[in-house]
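Remarks on the structure that follows.
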Amino acid sequence: MTEDVKADVPKKLSIQRRTKTTVSGTTTSGKSKAVQVEVRKKRTVKTDIAQQEEAKLKAQQEAEAKKIAEQKAAEEKARLEAEKAATKKEADEKSKAEKAKAETAKPAKSAVDSKAKFVDPEKEKRKAEEAELRRKAEEVARQKAEEQARRAAEEAKRYAEADDSDNESSSEDYSDYNLSSRYALEAEDEEDRRNENRGRGKNKVAKAKKGGRDDENSKNSKNERESNRKNQKDAKFGKGKNGKKGAALQQAFTKPAQVVKSDVVIGETITVAELANKMAVKATEIIKMMMKMGEMVTINQVIDQETAQLVAEELGHKVILRNENELEEAVLGDRDVNAEKVTRAPVVTIMGHVDHGKTSLLDYIRKAKVAAGEAGGITQHIGAYHVEMDDGKMITFLDTPGHAAFTSMRARGAKATDIVVLVVAADDGVMPQTIEAIQHAKAAGAPLVVAVNKIDKPEANPDRVEQELLQHDVISEKFGGDVQFVPVSAKKGTGVDDLLDAILLQSEVLELTAVKDGMASGVVIESYLDKGRGPVATILVQSGTLRKGDIVLCGFEYGRARAMRDENGKEVDEAGPSIPVELLGLSGVPAAGDEATVVRDEKKAREVALYRQGKFREVKLARQQKAKLENMFSNMSEGDVAELNVIVKADVQGSVEAIVQALNELSTNEVKVKVVGSGVGGITETDATLATASNAIIVGFNVRADATARRVIEAENIDLRYYSIIYELLNEIKAAMSGMLEPEFKQEIIGLAEVRDVFRHPKFGAIAGCMVTEGVVKRNNPIRVLRDNVVIFEGELESLRRFKDDVSEVRNGMECGIGVKNYNDVKVGDQIEVFEVVEVKRSI
């Protein structure tokens, strides 16, 4: 239908709508002036044809609707007439039957006249009932027909209105000034505006030269005409303030009746700004809410999970709490650890004071001479070994250093152990590290077995050891306690078998079990960086079986187990519970004490390791920032403090930790040791460059510098020192710190002179005639004047003469004349004390 209308629309006829003429005139001042006048012809639209077509279309639709309604009404009428005819036929049949019955009873009419008269009212009643039924049926049929006709008319009317609206919307685009499309009209108006602007641009210079009020009036009138024309057009198309938008131009979006409350995911910590962004509210709303709760916060302040949850729920949001460690928990939770537990070997840590025989005892047990390689009798790093007994039972030993600097290493060994063997020398008794080992064992909850060593010496006294240990709550079985005391001699092997039996007996009491066939987990005993093999970690397997090729997550590091070696350097393919192995293949050197866990997915293990590194970095930065803020004012008040910068490189991680901790403890209020760098492995060129930049000394503990590092060290004249015993390292660092201390100055009396007489001199004033009673009186040294042993003046000598000669010094027992500078109140009996200032070196 719409296509027909478009076809009937006459084609656009282009006419010249604008004509320009020039009007000449004179101004008020008498000057001639030419004004261009533009005459625009109004657009005419012939709408008769379109209106006729619309009226014709509407009439056709109404006629069709009327025809449909009439057809439906006729059908309903025919149906009603058929029902009426059927009812009438039934009534006629009944009346015929009655009539036939009456004919048969006619011969006896005379006899039954009275009876016939009695039956007539009954017939009349039936007829009346039949008539009433017919009337009701006709009424119902008529109402039904009227209802259907009304519905048909409404349906037809609705169809007609829908067609009208479609025609109006379709014809709207084609009903314009000249029956062209609306889009063509807009394009034409745009072209007109461009032409006008182009004309104005050409005449801009001329207009600027002419100026005057008439030009402004002309421009204003033109702007007004343009504005009026635009307003009329906008009003027609529903644009602008006065325009009414048609149904086709109105937006169908309806504003929601209430604010949508979305779910808010909250991590362990969140800032106020992030919380506001997630809840789609202003941050000021959250700040107001928290002020009502009694908390003063800023927009960038970090709030905890519970507070954020409370605020979000107060504002009507549903909160989803997210655990930031969920990836780590998921990775560590996806492990096969449900296998049956079996009995495992005990892990025994040997502790004790320096040189009490720990390594020698372990050496005898292992039947290997490793103690000869230990420098200075100190175990340099934790060693882990397992030995098999004659009856097939196995014991794993951890050997810890005895020096005071290795406190953290002993603490780690105690945590990973089941039984602590405390080695005490029978001739030396309880020492400081012995007490510390007892404390570590108690903190770890590990039972003690005391090995009283060196009983073969003549001065050995095991009973004294038991008495001394009683003071530290280590009660032997002899005194009613539960601690086994075993006298041994590591040198001769006496009592070693008894010690092993005591260890196995203690392990049976503990009932040690572990999963053997599941995925392995353990603890890092030691770690270091090997130049050829890369990062190496000594891992004590605590449960499960560690196999070659397993993916291991170890603290901040991860990797696949490329190779495993036992304590003898032999390659092994797997290691069960309580077995220590050296593991190769990690991404870096893990920290000693980190948990080592076998996981399924290497990619997820990498993600967990990176997450741990990031979290540790954040905590470290926060701690540093806090320390800076706390120490800012104290550092300002202290002034300059001498600093000794040190770079520490060692063979294993435990030694690095111990040395750094010991160096930090050496710091005093005047000299501080600052460890600018530390690490595991040899000394590299990077370390030398760092030492140059920070003016530090390099300390190598059981490591050496490579060739490139040595060249840089020699060129920059860096102080490089190698050590293999921690005593020497700490003593030399102390000496270096002592050299940085401010020296102390001490006054020493070198001579004493007694005033015997006083002379007056026109040049020097009062001259004291003195006798040197002690030491030497020197001309250039400072002096004090004492009267009745009280200092009344301190200064220097102006002259020192013996007879008439100036001398530099006068010795004991000689007379001299002394002139005191700027002091003339010298009296007989005074004492002149001569002293010198001596620099005294300090040490830490």
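First residue shown is number 1, and so on along the chain.
Just so it is clear, glycine is given a Cβ too, placed from its N, Cα and C backbone atoms.
Copied over from Swiss-Prot, here are the features:
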COMPBIAS  1-11  compositional bias 'Basic and acidic residues'
COMPBIAS  21-33  compositional bias 'Low complexity'
COMPBIAS  79-161  compositional bias 'Basic and acidic residues'
COMPBIAS  162-175  compositional bias 'Acidic residues'
COMPBIAS  200-210  compositional bias 'Basic residues'
COMPBIAS  211-237  compositional bias 'Basic and acidic residues'
DOMAIN    343-513  domain 'tr-type G'
REGION    352-359  region 'G1'
BINDING   352-359, 399-403, 453-456  GTP binding site
Query raised in the report: Averaged over the region 'G1' (352-359), what pLDDT does the prediction give?
Result: 76
Report task. Mind giving me a neighbour count for I455 (GTP binding site)? Other Cβ atoms within 10 Å of its Cβ, every protein chain shown. Result -> 20
**Report entry** Three-state secondary structure, which DSSP defines for D355 (GTP binding site)
**Finding:** coil
Query raised in the report: What is the number of residues in the compositional bias 'Low complexity' (21-33) that are helix, strand and coil, as DSSP sees it?
Result: 0 helix, 8 strand, 5 coil
Query raised in the report: Other than its own, how many Cβ atoms are within 10 Å of the Cβ belonging to D355 (GTP binding site)?
Result: 16
